[in-house]
């Protein structure tokens, strides 16, 4: 077992004392970095990066060379599971992910098989083990998956969607078939994340990008319940350490109390929820991750620092906070502004941990 030189991130997730608030950024390996764009050009396209463990490792580590981050996150895509189910993932420039096949009937769902990660997605596990080796204990590595609901939206719509009309029609017209789809996806996510943990992931995050589009009750049935099932099925210890789990529903602020009962160690917050109020609502059940608006990175470094100070003050003293953006960093951000954000967290947060 490699000794972790910096375990601040894992300690905060488990609400253990830390010397300062740990920080990382969703999509920290991404198009805002010129070195990422250069590696992606060499790979040919996005999937060429994802499916090559050495290149995936290279881009995973790039932000750590620039910034004093407290965690690395596996470079991959949330849609690897539907791709492994045979739907044929591809990317069109400027249009995002698309699938050659879609799911539209109960018969389509019946035919889907739960994935076998080592057989279907070996390149992901190879990337995890390669990154762990190269990190050599520098910081922990986060593995991840999309949530069943979020994966289902892409599988049914065939790509991105503004209103999820087809997926919502499925859950309302054919709730039993929709439940079967969520079950198969939950079982696939359990297998996928456990394989990542076996390969060396030291924490895992479930990205529920589109849960916030659901009604109050539909969220609990078709998004939260499958995620709770996943949390229950995950390996919670590896290499003698607990493997913490983060749940992140974009637009999920109204469900924090229910999410806190799902068994995860930490809840991710987007920027529409006040983190101080969120802390009061969940108490000491879970840690919180977030939640600066990524668009603030387009402001001046001084304004970025002010916003970091405001969020730290809102959360208040003590552990249980992982600083992050409220969603992924966007491609037009100046890398210097991202650096100002990371440095501000380090410089301003120690006073809250005395």
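Glycine is no exception: its Cβ is also placed from the backbone N, Cα and C atoms.
For 27, 28, 29, 30, 31, 77, 154, 209, 327, the entry in Swiss-Prot reads substrate binding site, with the evidence type sequence analysis. Every protein chain shown contributes to the tally, and the Cβ of residue 154 (substrate binding site) ends up with 29 other Cβ atoms within 10 Å.
Sequence annotations record features per position, and here Swiss-Prot assigns site 'Transition state stabilizer' to 77. Applying an 8 A CB threshold to same-chain residues 6+ apart, the list for residue 77 (site 'Transition state stabilizer') reads 46, 47, 50, 89, 97.
Remark: residue 327 (substrate binding site) has 26, 250, 270, 271, 294 as non-local neighbours, by Cβ distance under 8 Å and separation of at least 6 in sequence. With every protein chain in view, the residue among the binding-site residues 27, 31 whose Cβ has the most Cβ partners within 10 Å turns out to be 27.
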